[in-house]
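Some features that TrEMBL has for this protein:
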DOMAIN    B:2-140  domain 'Glyceraldehyde 3-phosphate dehydrogenase NAD(P) binding'
BINDING   B:Thr11, B:Ile12, B:Gly110, B:Arg168, B:Gln301  NAD(+) binding site
BINDING   B:Ser139, B:Cys140, B:Asn141, B:His194, B:Gly195  D-glyceraldehyde 3-phosphate binding site
ACT_SITE  B:Cys140  active site, nucleophile
2 protein chains.
Amino acid sequence: MIRVGINGYGTIGKRVADAVRDQPDMGVVGVAKTRPNYEAEQAVERGYDLYAAIEDRAHRFADAGLETAGLVDELVAQSDVVVDATPSGIGAKNCELYEEYDTPAIYQGGEDADVADVSFNARSNYDDAVGADHVRVVSCNTTGLSRLVAPLREAYGVEKVRTTLVRRGGDPGQSDRGPINDILPDPVTIPSHHGPDVQTIFPDLDIDTLGMKVPATLMHMHSVNVTLEAEPDADEVRDLLAEQSRITVVDADLGIEGTGQLKEWALDRGRPRGDLWENCLWGDSVTTDGRDFYCFQAIHQESDVVPENVDAVRAITDAADAAESVATTNDALGI
Amino acid sequence: MIRVGINGYGTIGKRVADAVRDQPDMGVVGVAKTRPNYEAEQAVERGYDLYAAIEDRAHRFADAGLETAGLVDELVAQSDVVVDATPSGIGAKNCELYEEYDTPAIYQGGEDADVADVSFNARSNYDDAVGADHVRVVSCNTTGLSRLVAPLREAYGVEKVRTTLVRRGGDPGQSDRGPINDILPDPVTIPSHHGPDVQTIFPDLDIDTLGMKVPATLMHMHSVNVTLEAEPDADEVRDLLAEQSRITVVDADLGIEGTGQLKEWALDRGRPRGDLWENCLWGDSVTTDGRDFYCFQAIHQESDVVPENVDAVRAITDAADAAESVATTNDALGI
């Protein structure tokens with residue numbers, strides 16, 4: 001059993017904890033949090049040992065009636081791997097702590113790429129992370145693009161990717177975020193950071209990305225163009241994408257018109273927290289025009305990196321090869 | 001003076017009426033409406049003669065205390081040109097009426113292209129409409145794309161256009177429209193109707209468009225890619241676009257981040273109804289990567305076709321050439 005510590009128990013950390021718990025070959029040592037809140041209460045409720053991330057504030061958990069198992073240092077010391085799911089920028093500051101205890105660490109896509117030895121997407125470059133000390137699971141959008149680009153590159157070759165990412169303004173729980181009734185180029189400058197980030201996975205890929213922000217909270221939406229090196233017909237590409245285990249090709253018969261219905265579908269299927277771990281790609285949108293491929297895909301920003309974190313745990317500990325790991329993760333989660 | 005009748009006094013009709021009234025060489029004969037409401041009240045308030053569009057319902061205006069000058073047939077009979085600003089699909093049904101009185105007519109972009117002899121954008125194909133009987137001013141999005149494509153074609157040649165149109169769900173007054181907190185591919189199939197519609201202006205243009213719908217009401221946002229036949233640098237293209245009278249290149253110093261601030265800017269400038277008749281294109285977004293040009297532009301769906309309708313009046317009556325008409329329209333409106 002691989003002993004996994006989770007440092008940071010917010011949107012990503014709580015999901016990764018549950019996903020790790022559900023695997024046959026790993027377990028959760030505990031989860032670390034800076035302060036008590038409804039998520040900390042639920043961590044205890046779910047039986048996770050709770051560690052205080054900041055020594056000075058550790059007493060606040062007791063004040064709130066939540067028992068802690070110690071400080072984050074103790075969690076790191078006991079873990080074979082730490083998944084750092086702290087807010088963007090904090091992961092880089094935690095590096096030193098993980099090195100102090102010689103515990104390999106997995107960071108999230110909010111950190112700069114140079115926080116880690118390798119940026120990671122299970123479908124695209126699992127082997128690069130085998131035995132590494134510091135691995136960064138790329139962000140939700142980069143994960144979604146990498147999953148799509150990898151099979152297209154293998155099957156047809158990719159000349160250029162051009163993608164517009166229409167991003168949700170904030171997550172459903174982030175009531176301090178906007179916009180309301182506005183559409184913003186974000187950033188105004190082109191490319192957005194997503195293109196260079198995808199290049200951390202595919203260094204030689206020619207990709208331009210444009211970002212926007214809109215008043216929605218449920219998922220991101222990608223408008224994708226890929227100029228291929230071949231001219232496949234749309235049905236062939238759709239079949240190729242449908243074979244990918246972390247791409248759901250949404251059939252027209254389901255009558256799913258947008259992100260709201262995708263989330264309803266996930267909830268109806270009993271998915272924990274209504275999570276959609278896979279890229280949700282509209283089958284009817286798959287179009288080819290000569291060498292140009294187009295599609296729409298929705299990306300669930302809160303959860304698509306969760307299975308990637310689980311695979312990164314196996315890669316960093318050299319516990320399984322890519323195919324085994326992805327199969328085990330998918331099977332345990334019900335992907 | 002060209003005598004212009006306005007059939008339909010909603011979002012577009014009321015703006016076209018005011019724009020026509022402000023021109024030195026044309027006047028408003030009257031405006032026709034199907035039913036009394038706040039817009040009809042305002043038409044009377046502004047001094048426009050009000051005509052009833054539906055005979056059976058004409059009494060409703062009197063019931064609401066609004067005096068009418070007659071039925072729409074009388075308006076058409078007295079006009080040199082009619083601008084049909086009725087809801088999509090109604091314009092086609094009105095064709096017969098205009099032909100009965102031998103009155104040339106201008107339709108809006110909600111009608112199918114075959115309603116008219118020519119689809120019209122002043123910057124791109126003014127001359128095609130000179131002396132025509134039926135002219136269709138293309139929709140807001142097609143107008144915005146045509147204004148951008150025309151100078152790029154002339155200066156550099158265009159190999160291919162790929163554009164994602166992130167569309168507002170409804171206008172500010174359309175309280176029955178959605179979405180709320182959702183992002184939808186709209187349509188799911190690719191291309192959206194916009195690409196073929198731009199081809200009514202540039203028949204030989206290679207263009208693929210993708211549409212989305214988001215919870216916003218103020219403006220549409222275009223994420224534009226144009227593969228040019230040359231490799232200009234970004235500054236050169238930005239200068240070219242800034243020279244276009246109906247493209248506003250929004251300077252970074254203004255600190256305008258999205259459609260909300262664009263509309264605030266328009267209101268602060270005293271623009272009627274906060275209208276933005278020009279494409280609003282972020283200067284900092286103008287980017288070139290080899291032959292690929294990129295930019296973001298916002299399109300005010302309620303008003304960008306207004307100056308085009310005014311120019312179409314002059315084209316259809318052969319009252320001025322393109323340059324004269326555009327200059328006169330811009331000068332009268334304060335563009």
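Glycine is no exception: its Cβ is also placed from the backbone N, Cα and C atoms.
Chain A comes within the C-beta cut-off of under 8 angstroms for the following of the binding-site residues B:Ile12, B:Gly110, B:Ser139, B:Cys140, B:Arg168, B:Gly195: B:Arg168.
Under the three-state DSSP scheme, B:Ser139 (D-glyceraldehyde 3-phosphate binding site) falls in the coil class. For the pair B:His194 (D-glyceraldehyde 3-phosphate binding site) and B:Arg168 (NAD(+) binding site), the C-alpha distance works out to 15 angstrom. Note: B:Arg168 (NAD(+) binding site) has non-local neighbours B:Val214, B:Ala216, B:Thr217, B:Leu218, B:Met219, B:His220, B:Thr259, B:Gln301, i.e. same-chain residues 6+ apart with C-beta under 8 A of its own C-beta. Only B:Ser139, from the binding-site residues B:Ser139, B:Asn141, B:Gly195, place their Cα within 10 Å of the Cα belonging to B:Gly110 (NAD(+) binding site). On the 0 to 100 pLDDT scale, the model's mean across the domain 'Glyceraldehyde 3-phosphate dehydrogenase NAD(P) binding' (B:2-140) is 97.
DSSP assigns B:Gly110 (NAD(+) binding site) to coil in the three-state reduction, placing it in neither a helix nor a strand.
The number of other CB atoms found within 10 A of the CB of B:Thr11 (NAD(+) binding site), across every protein chain shown, is 20. B:Ser139 (D-glyceraldehyde 3-phosphate binding site): 23 other CB atoms within 10 A of its CB, across all protein chains. Within 8 A of the CB centroid of the NAD(+) site residues B:Thr11, B:Ile12, B:Gly110, B:Arg168, B:Gln301, the other residues of that chain are B:Ser139, B:Cys140, B:Asp171, B:Glu302.
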